[in-house]
Structures are given as C-alpha cells and as structure tokens.
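Enquirer: Below you'll find the structure I mean.
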Amino acid sequence: MERDSSPSDQFHRYKNLIQNGDNPDITKERQGASFNLYNMQCFVYENDHKLQRRQEILEFVESHREFDDPVHPHFLNRDEQIDRATRKCLAMVDNLDAIDVTDYFDEAPLYQLLTIGRELHCLSLHYGMFLPTIQVHTEKSLILGPFQMAASKAILGTFAQTELGHGSNLSKLETTATYDATTKEFVIHTPTMSAGKWWPGGLGKSANYAAVMAQLYTSGESKGPHLFMVQLRDNAHAPLPGVTVGDIGPKLGNNANDNGFLIFDHYRIPRRNMFMKYSKVEADGTYIPPPHAKLGFGAMVLVRLLMIRDQTCQLGAAAVIAIRYSAVRHSAVRQGEINEGEGEVQILDYRTQQYRLLPQLARSFPSSQRMRSRNSTSKYVTKQINNNANMELLPELHALSSGLKAVITWEVAQGIEQLRLSCGGHGYSRASAFPDMYAYAVGGCTYEGENIVMLLQVARFLMMIAKEVRSGNPKLAEIAEYIAKPDAVTARISSWKTCSDEDIIHDFEAVTRKLIFATFDRLTTLERTMKKKEAWNACSIDLCKAARMHVKTYLVKNFLARVRTCEDPASRTVMHTLAKLYAFDLISGGGGHFMKGGFLSEKQFNEVQLGIYEMLAAIRPDSVALADSWAISDLELRSVLGRRDGNVYPALLEWAQQSPLNQN
Ligand SMILES: CCCCCCCCCCCCCCCCCCCCCC(=O)SCCNC(=O)CCNC(=O)[C@H](O)C(C)(C)COP(=O)(O)OP(=O)(O)OC[C@H]1O[C@@H](n2cnc3c(N)ncnc32)[C@H](O)[C@@H]1OP(=O)(O)O
Ligand SMILES: Cc1cc2nc3c(=O)[nH]c(=O)nc-3n(C[C@H](O)[C@H](O)[C@H](O)COP(=O)(O)OP(=O)(O)OC[C@H]3O[C@@H](n4cnc5c(N)ncnc54)[C@H](O)[C@@H]3O)c2cc1C
C-alpha cells in the first residue's frame with residue numbers, strides 16, 4: 001500500500017482545487033462602485049503627493065531583500081520575535097536616508113508598518129518618545145551637543161517615567177534626583193521598591209540612555225517631577241555601576257518590545273543632564289521654575305497626538321480586512337439564503353453584517369482626517385511656547401489631545417474586536433491579523449495616559465469653561481465656543497436625507513452642553529457639603545460622560561466639515577452619507593443622552609434608527625471601494641483575510657503550512 005502523502009503534498013493538492021486570479025466577487029464589487037477610486041484616495045490622503053509617497057515607500061521596502069521574513073513572524077517564539085524586530089529595525093534605520101522618511105504622522109508609521117508590522121519594538125520609544133522629549137525639552141544651545149547623538153542614532157534611548165507604584169499620578173513618583181552643588185551633579189536614586197521604573201519600552205535589553213522622570217530636590221526643597229538624561233549602559237552595553245536593569249517579561253501583545261525595569265543606587269549624572277529648556281537648576285542650586293507648571297509634560301502631549309493618527313489607521317486596516325472578507329465569504333461556504341431558491345448571498349449582504357462593518361469604517365475616517373490639522377495646531381502651539389512663552393493655547397491642546405486619545409483608542413480597540421467577530425472563526429486566527437491588531441491597539445487605552453484619567457483631564461477643562469460661562473465672562477477656547485451658546489429645547493434631526501449638517505451639529509452641541517452643565521451643577525452642589533476632591537470623585541462618572549460627549553461632538557463637526565472640502569462630487573456624496581452614518585450611529589448608541597428631557601422625540605429617534613438602516617443599504621454597494629480608498633497594500637495589511645485579490649482560502653492553507661507542527 002502507498003504511504004500517506006506528506007502534509008505539504010496534501011496542502012498542494014487542496015490548493016490546486018482553488019482558482020487563481022482575483023476572486024470574481026471582489027472584482028464585481030469594485031466594478032460597481034459609484035465613485036472614482038483615485039479621486040477618493042486623493043481626498044482621504046489629502047493630496048496626490050501623499051498617495052505617491054505611500055507607493056514609493058511600499059516599492060522601496062518591497063525591493064529591499066533585508067526586509068524579507070524568512071519565517072512568518074506568527075510562528076516565532078519571544079526571543080526570535082525580538083531578534084527579528086531588531087534586525088528589521090537596523091535595516092529600517094540604515095535605509096532611512098535613502099527613502100527620506102521624515103514625516104512622523106504619515107510616512108514614518110507607514111515605513112515602520114511595512115518593514116516590521118504592527119509591533120512596538122526596540123526603537124519605538126527611541127523614535128516615539130525619546131527624540132520628541134529631546135526636541136521639546138532641550139535648550140537650543142545643547143540640541144547640537146551631546147543630544148545630537150540621539151538624533152544621529154549614536155545612542156539609543158527610552159522614556160522612563162512609570163514606576164511600580166505610580167503611573168498616572170505623576171506628582172507621587174518616588175525616584176529622586178537630588179542636586180549636589182559641591183560636585184555639580186544630580187544623584188538619581190530609587191528609595192523604595194515601588195519607586196523602581198517599570199514598563200519603559202526598549203529598556204530591558206536595548207536602550208543605553210533614558211529620559212528619566214524624577215522628583216527634583218535642590219537646596220533641600222522638593223520641586224516636583226522633572227526630566228533627566230541618564231546613561232544606563234557603557235560602550236560594551238553592560239549596565240553602569242549603580243544601575244540595575246532588565247526585561248519585565250511577556251505581555252498581552254507587543255512582545256518584540258523589551259519593556260523593562262530600572263533601579264538606581266545613588267547614581268550620579270552631570271548637572272547639564274537635566275532637561276533645562278523650561279525649568280533650570282543653576283550651578284549653585286538655585287531653581288528657576290518653568291513659565292507653565294505642566295510644560296514638563298509636553299512630550300506626552302505630542303505623543304498622544306501621534307498615537308491618535310497611528311491608532312485610527314489600525315481601525316481603518318481592520319475595516320478593510322473585514323469588508324473584503326465579507327465580500328468573498330460565500331464562494332466556498334454558504335451561510336444561508338435570504339430568498340429561498342435564489343441562491344446564497346455574500347455575508348456582506350446581511351444587514352446585521354453591514355451594521356457591524358460600516359459604522360466602524362465610518363469611525364475610522366474622521367479621526368484620521370482630524371489629526372492632520374491637529375498636527376499643525378501642535379506645531380503652532382510649540383512655536384508659540386518657544387518664541388515668546390505664550391501658554392494660552394496649552395490647556396486647550398492638553399484637553400483636546402487627552403480627550404481624542406481616550407475616545408479614539410477605546411473606539412479603535414472596540415471596533416477591531418467587533419470587526420474580528422464579524423469574520424467568524426477565521427477572525428480568531430492570527431492569520432486574520434485581528435489578534436495582533438487588537439493587542440497593539442488596546443495597549444493604547446493604557447499607555448501615554450490611562451483613558452479614564454485622560455477623560456477626567458478633559459472634564460477639568462470643561463468644568464472650568466462652564467464656570468466661566470456661568471460667571472458671564474467667558475474667555476473661550478475655539479473648541480469650547482459652543483458651550484456658551486443658548487440652550488436648545490428640541491432636536492432638529494429628521495430623516496437622514498433631509499436633515500442638514502447644521503441640524504446634526506446643533507443637536508450634538510445642545511446635548512453636550514446640557515450634559516456639561518448638568519454635571520457642573522451637580523458638582524457645585526456637592527461641593528457645598530463635601531471637600532472639592534470628594535465632590536469631584538462623586539461626580540466622576542458624569543464627568544467622564546460629559547468629556548466623551550464633548551470629544552464626539554468635536555469629531556462629528558470635523559468629519560462633516562472635512563467632507564464639505566471634497567472637490568469630487570461622487571466621492572463627496574458617499575463620504576457625506578458615511579459622515580451622517582457616523583453621527584446617527586453615535587446618537588443611536590448614546591440614545592439616553594439625546595432623549596433625556598424629551599430633547600429628541602420618539603418619532604425622531606425612530607427616524608435615526610431607520611436612517612441608519614437606509615444608509616447601510618446606500619453604502620453597501622460602495623463598501624469594498626471605500627475599503628480600497630484607504631490604499632493599504634497587502635504588505636501593510638498583513639492579513640490573509642483582507643488580501644486585495646480576495647483569494648482567502650489558498651492563502652489560509654499556505655499560512656497554516658508554515659506552522660512548525662506541520663514540518664514533520
Ligand atoms: C523617522 C523614523 C522612522 C522610524 C519609525 C519610527 C516610528 C515613529 C512613529 C510612531 C507612531 C506613533 C506611536 C507612538 C508609540 C509610542 C509608544 C508609547 C509608549 C508608551 C509610553 C508611556 O506610556 S510614557 C508614560 C505616560 N504616562 C502618562 O501619560 C501619565 C499620565 N498622567 C499625567 O499625564 C498626569 O499625571 C495628569 C493626569 C495629566 C495629572 O497631572 P497632575 O496631577 O500634575 O495635574 P492635575 O490633574 O492636578 O492638574 C493640574 C493642572 O495642570 C493641567 N495639566 C496637566 N497636564 C498638563 C499638560 N500636559 N499640559 C497642560 N496642562 C496640563 C491640568 O489640566 C490642570 O489644569 P487646571 O488646574 O487649570 O484644571
Ligand atoms: C504597552 C505599554 C507600554 C508602556 N510603555 C511605557 C514607557 O515606555 N514608559 C513609561 O514610563 N511607561 C510606559 N507604560 C506605562 C503606562 O504609561 C502606564 O501604565 C499608564 O500611564 C497608567 O498608569 P498605571 O499603570 O499606574 O495605572 P493606574 O494609574 O494605577 O490605573 C489603574 C486604575 O486606576 C484608575 N485611576 C488612576 N488614577 C485615577 C484618578 N485620578 N481618578 C480616577 N481613576 C483613576 C485608572 O482609571 C485605572 O482604572 C506602558 C504601559 C503599557 C501597557
């Protein structure tokens with residue numbers, strides 16, 4: 001009797017049963033689109049140049065063999081994952097000048113995704129936080145000195161702030177930096193176990209320097225948390241005497257990153273290693289405070305803005321995968337017939353499936369659009385601060401970046417999970433990319449400011465505005481002008497086709513305003529009988545709700561405004577429906593707020609629900625083309641389910657074949 005064929009032979013036999021070329025269903029979807037894909041892509045990426053740069057970077061990476069993966073990364077253990085990421089990082093950095101990637105918001109994340117994938121790695125913190133810290137906090141005269149080494153990659157750094165005992169509450173960090181005027185040095189020390197730094201990325205094995213946040217003591221006085229440039233390892237990469245450092249072990253995701261711990265034992269650094277752009281310690285120990293108490297937190301604000309863009313792209317990619325898969329899922333396995341005898345349908349035709357996919361697709365657009373102009377706002381604010389110590393815009397930028405960070409990372413993580421579920425069993429496989437995507441995105445809910453803590457920062461800002469409005473003398477930031485508008489008693493929203501953008505904005509603003517003032521009134525009432533902080537705590541659930549609603553209103557307004565700038569009529573029509581779907585879905589999800597006090601009548605609420613169903617049907621024929629408008633290549637997507645050609649099944653077989661369990 002003949003021996004059983006090998007697993008590899010069996011795979012090939014199955015593969016040959018499946019057709020080559022693009023999946024016909026996905027081709028049909030593309031042919032049925034109501035708009036021109038190129039025009040839409042130019043709108044999504046703002047201009048043709050950005051689109052071309054995406055293509056250039058893709059072709060560059062694809063043509064360089066050092067970016068190839070000999071073994072699929074899903075089948076590597078942690079050591080191998082770290083090795084792979086490090087090898088890729090080196091290639092990525094070596095080629096940086098050749099491909100001329102300088103733009104941190106669009107090009108750098110793309111270049112990184114194409115070379116390494118969705119991973120935080122040994123260089124993430126160097127580029128993501130260490131360099132921004134240097135840029136934001138180093139005096140001009142020094143930026144070309146020792147700090148230039150960081151920019152030129154002569155040193156590799158991380159951002160060491162969080163401790164075992166404290167992460168959110170920076171004022172209670174325990175690591176100390178005590179100035180010794182006799183030697184003109186700071187003594188960095190870890191006085192307790194809970195003061196040990198814990199979490200910094202790239203710290204465990206890779207970084208030889210860190211920007212360390214420590215409580216400054218000078219002339220016997222405590223001056224609060226400040227940043228210091230600290231060398232951790234010598235030229236042979238061994239920890240320096242007085243420094244204990246290591247890896248904190250595997251995590252939910254991002255395991256190619258060596259997040260680490262760090263303990264100091266009376267470790268001395270020169271005085272000039274304090275980041276002294278805003279606050280200073282003179283040689284004799286005299287302390288010069290910064291022009292604004294929170295300027296020391298500036299790097300975090302910048303990175304929150306970077307994260308928003310980065311995270312939104314994850315949701316866009318997840319929507320692309322789920323929509324393409326839903327278009328091809330029926331050729332081999334059928335899920336049921338809608339009209340008996342008329343043949344089975346693509347799962348994309350189920351209204352429930354559309355309800356899972358399309359609001360997530362809609363959600364992925366406004367935040368990515370937004371960030372482009374936030375980027376310029378942040379540059380503007382930084383310039384104002386640098387030029388003439390103008391701090392006026394800082395609270396607004398802090399509130400906005402904190403709020404967007406909290407709302408978007410949460411929506412992205414929830415959205416990815418919803419999209420994963422929409423792909424059934426295959427969504428659970430790592431081949432789909434969803435598990436890695438989720439693990440990457442959900443980390444963003446915690447790092448760079450835990451989301452609830454961030455929402456409460458927005459709430460502080462809103463309560464301050466509410467107080468000013470009530471006092472009759474408001475000095476309002478642009479993002480808060482609507483809070484001073486007169487109350488509105490009834491909603492204007494009607495059918496999705498007839499209601500205007502102004503109606504939608506009116507209703508969102510009115511509901512948010514009401515929520516803000518209701519919370520403000522509750523807070524001030526409680527403050528009469530409680531200590532301020534107790535009253536704040538008692539109100540904090542409402543405070544978070546008001547903050548969320550404020551951010552969502554901001555996103556709705558900006559999505560609608562951005563759609564109005566679309567020059568191509570066909571693209572604008574589809575995008576406008578998508579923007580309305582986004583707004584209506586938020587109303588439907590936050591129905592309680594809108595119906596409170598009869599603001600939105602039951603009839604209007606039913607209109608909103610019906611509107612959603614109709615918009616799902618209207619967008620359905622364009623959904624694959626809309627997914628394509630993200631212009632994400634297969635290399636960037638890294639998903640078997642989301643392949644552009646729709647040939648999911650042979651690709652799944654091919655992927656499984658690489659499992660080490662199938663090698664013998
Ligand atoms: C080109 C290259 C190519 C190569 C490729 C390279 C690719 C590169 C591309 C990369 C892609 C991107 C991905 C990024 C990856 C990065 C990964 C990151 C990893 C994660 C890092 C981390 O995870 S790192 C640790 C972060 N850890 C926090 O994030 C702590 C949160 N905790 C707080 O941030 C404070 O603790 C908290 C709550 C504010 C209270 O601070 P507190 O207690 O001192 O203050 P209070 O609450 O008392 O507030 C007192 C008043 O200060 C006001 N205020 C407070 N902060 C302010 C501020 N910043 N600006 C202005 N105002 C501020 C406030 O609004 C009040 O104002 P008012 O009095 O007027 O109301
Ligand atoms: C993947 C990853 C990478 C990271 N990388 C770095 C890094 O490179 N460098 C670095 O320094 N750190 C890093 N961190 C740490 C990260 O910044 C902190 O975990 C984060 O700031 C939250 O702090 P915490 O862990 O102390 O949480 P906690 O503050 O202890 O939060 C725990 C709970 O308490 C609640 N809570 C806390 N304070 C309040 C409050 N005032 N009011 C109401 N509720 C509150 C929170 O909402 C949360 O539910 C990383 C973390 C992760 C997960």
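Cβ coordinates come from backbone N, Cα and C, glycine included.
Feature list, courtesy of TrEMBL:
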- 39-137: domain 'Acyl-coenzyme A oxidase N-terminal' (DOMAIN)
- 159-265: domain 'Acyl-CoA oxidase/dehydrogenase middle' (DOMAIN)
- T162, G201: FAD binding site (BINDING)
- 297-463: domain 'Acyl-CoA oxidase C-alpha1' (DOMAIN)
- E448: active site, proton acceptor (ACT_SITE)
- 502-663: domain 'Acyl-CoA oxidase C-terminal' (DOMAIN)
Enquirer: Which chain-mates of G201 (FAD binding site) that are at least 6 residues away have a CB under 8 A from its CB, listed by sequence?
Expert: L120, S124, L125, G128, T158, F159, N254, N257, D258, N259
Enquirer: For a quick check of packing: other C-beta atoms within 10 Å of the C-beta of T162 (FAD binding site), how many?
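Expert: Neighbour count, Cβ to Cβ under the 10 Å cut-off: 18.
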Enquirer: As a quick check of your reading of DSSP, tell me how many residues in the domain 'Acyl-coenzyme A oxidase N-terminal' (39-137) are helical, how many are strand and how many are coil.
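Expert: With helix first, then strand, then coil, the domain 'Acyl-coenzyme A oxidase N-terminal' (39-137) has 71 helix, 0 strand, 28 coil.
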Enquirer: If you run through the domain 'Acyl-CoA oxidase/dehydrogenase middle' (159-265) with DSSP, how many residues end up as helix, strand and coil?
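Expert: Its residues divide into 6 helix, 48 strand, 53 coil.
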Enquirer: Write out the long-range same-chain contacts of E448 (active site, proton acceptor), meaning residues 6 or more apart in sequence whose Cβ is under 8 Å from its Cβ.
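Expert: Listed in sequence order, they are M300, V303, R304, M307, K405.
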Enquirer: Indicate whether the residue listed as 'active site, proton acceptor' is helix, strand or coil by DSSP.
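Expert: Assignment for the residue listed as 'active site, proton acceptor' reads coil.
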Enquirer: Need one number: mean pLDDT over the domain 'Acyl-coenzyme A oxidase N-terminal' (39-137).
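Expert: Average per-residue pLDDT within the domain 'Acyl-coenzyme A oxidase N-terminal' (39-137): 92.
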